[in-house]
Amino acid sequence: MATATAGPRSFSAAEVRARCAQGACLVSCRRRLYDLSGFVRLHPGGEQLLRRRAGTDVSAALDGPPHRHSENARRWLEQYYVGEIEPGDEQVPPNRERGGHGPWGNPGAPTVSASGAASRVNKGHGVHCLLPQDLVDWQKPLLWQVGYLGEKYDEWVHQPVDRPIRLFHSDFLEFLSKTAWYVVFMVWTPVVLYLSWVSYTSLAQGNTRLFSSFTTEYSIPVHKYYFPFIFLFGMILWSLLEYLIHRFVFHMKPPASNYYLITLHFLLHGQHHKSPFDSSRLVFPPVPASLVIGFFYGVLRLLLPAVLGLAVFVGGLCGYVIYDMMHYYLHYGSPRKGTYLYGLKAYHVKHHFEHQKSGFGISTRFWDYPFQTLIPEETFKKED
């Protein structure tokens with residue numbers, strides 16, 4: 001005997017107000033109701049912005065100003081669907097619709113794209129909502145599945161979801177692939193402090209000279225007082241590497257026919273774009289990071305005198321630690337409106353949800369200017 005599928009739950013306006021008064025953050029879009037209580041801290045516009053809209057219809061706000069929400073942002077909202085507002089209780093938003101804005105422009109119909117046909121999924125509220133059916137089995141490790149997506153991979157990986165990712169069958173490998181944000185700080189900060197001391201004391205001996213391998217007459221002595229400037233140069237050098245790695249390695253587009261390159265891309269960065277708020281995968285695990293860091297140290301040793309190369313390296317290592325900490329904060333922090341980090345958080349979220357081919361700077365937008373990959377500012381026409 002077939003079991004009937006439960007329909008969406010109905011909520012009265014009074015019930016919505018009561019739940020919001022208890023601290024929940026419920027918003028509606030026409031008759032569809034969404035519970036954003038678990039997302040408010042992550043919202044790039046800040047928690048207070050969503051709190052102020054609790055219990056209201058956000059249909060008009062989705063198109064801005066101040067921000068026009070992307071297709072991915074509209075699809076993201078559907079994950080928090082909990083039911084329908086009872087007929088007659090829904091608010092009527094201002095008539096500001098613009099055509100072709102996806103599932104929130106027509107809240108009764110989900111978007112179906114490379115993810116496949118629509119299906120019903122349960123989000124833990126006892127209510128079913130319409131979302132695109134995925135092309136992978138989330139009950140199994142994803143790393144060995146994504147390579148079979150072929151030409152559908154690029155679109156699929158850039159449609160973010162709010163759920164954790166498992167990569168490996170092996171519990172040990174899975175453990176090594178996850179890292180809490182504070183582990184990066186605890187592991188690498190002592191290394192930065194120790195190598196800074198070694199670099200400074202070595203320069204203080206007065207034996208380091210630049211270009212000494214080519215000429216002794218015109219070689220340049222490197223004094224200990226130069227250490228802060230060399231350290232700063234290493235940090236700037238890291239910021240450039242951060243940009244180049246993010247743009248040309250992490251955002252390479254693997255050939256649709258190459259299973260192994262797709263798998264590699266997902267391991268390096270695709271997993272982060274698919275699940276941008278998976279807190280255990282926002283910073284680089286120390287074990288693979290040590291291999292990459294060791295490679296760059298070897299390159300600097302080949303190009304520069306030993307002590308000078310070490311001083312540049314430790315500045316770059318400090319820049320890396322700051323980058324990883326900032327990256328975590330841009331996803332999970334709630335910076336105050338108007339601050340540098342507030343703008344950077346909004347900028348980085350735009351990179352995830354709408355502008356995946358630009359906005360490659362994370363700790364700074366500086367390199368996006370000369371490389372012409374700056375995310376454009378949004379403009380809105382004045383209403384009549």
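All residue numbers here begin at 1 and follow the chain in the order shown.
Glycine residues also receive a Cβ, built from the backbone N, Cα and C atoms like all the rest.
Quick caveat, the model's predicted, so the values are computed rather than measured.
Taken straight from TrEMBL:
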BINDING   HIS43, HIS69  heme binding site
BINDING   HIS246, HIS251, HIS269, HIS272, HIS273, HIS327, HIS331, HIS348, HIS351, HIS352  Zn(2+) binding site
DOMAIN    8-86  domain 'Cytochrome b5 heme-binding'
REGION    87-107  region 'Disordered'
TRANSMEM  180-200  transmembrane segment
TRANSMEM  225-245  transmembrane segment
TRANSMEM  306-323  transmembrane segment
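With a cut-off of 8 Å between Cβ atoms, the residues of this chain six or more beyond the transmembrane segment (180-200) that come close are 224, 227, 230-231, 279-280, 282-284, 286, 289, 307, 310-311, 313-314, 317-318, 320-321, 324-325, 328, 332.
Distance between Cα atoms for HIS43 (heme binding site) and HIS246 (Zn(2+) binding site): 23 Å, as a whole number. Listed in sequence order, VAL157, HIS158, PRO160, HIS352, GLN356 are the same-chain residues six or more apart from HIS273 (Zn(2+) binding site) with CB atoms under 8 A from its CB. In this structure, of the binding-site residues HIS269, HIS331, the smallest number of CB atoms within 10 A of the CB marks HIS269.
The most densely surrounded of the binding-site residues HIS43, HIS246, HIS351, judged by C-beta neighbours within 10 angstroms, is HIS351. In the predicted model, the domain 'Cytochrome b5 heme-binding' (8-86) has a mean pLDDT of 87. The 10 Å shell around the Cβ of HIS69 (heme binding site) contains 19 further Cβ atoms across the protein chains shown.
Note: the Cα of HIS351 (Zn(2+) binding site) and the Cα of HIS69 (heme binding site) are spaced 13 Å from each other. HIS69 (heme binding site) is 24 Å away from HIS269 (Zn(2+) binding site) when you measure Cα to Cα.
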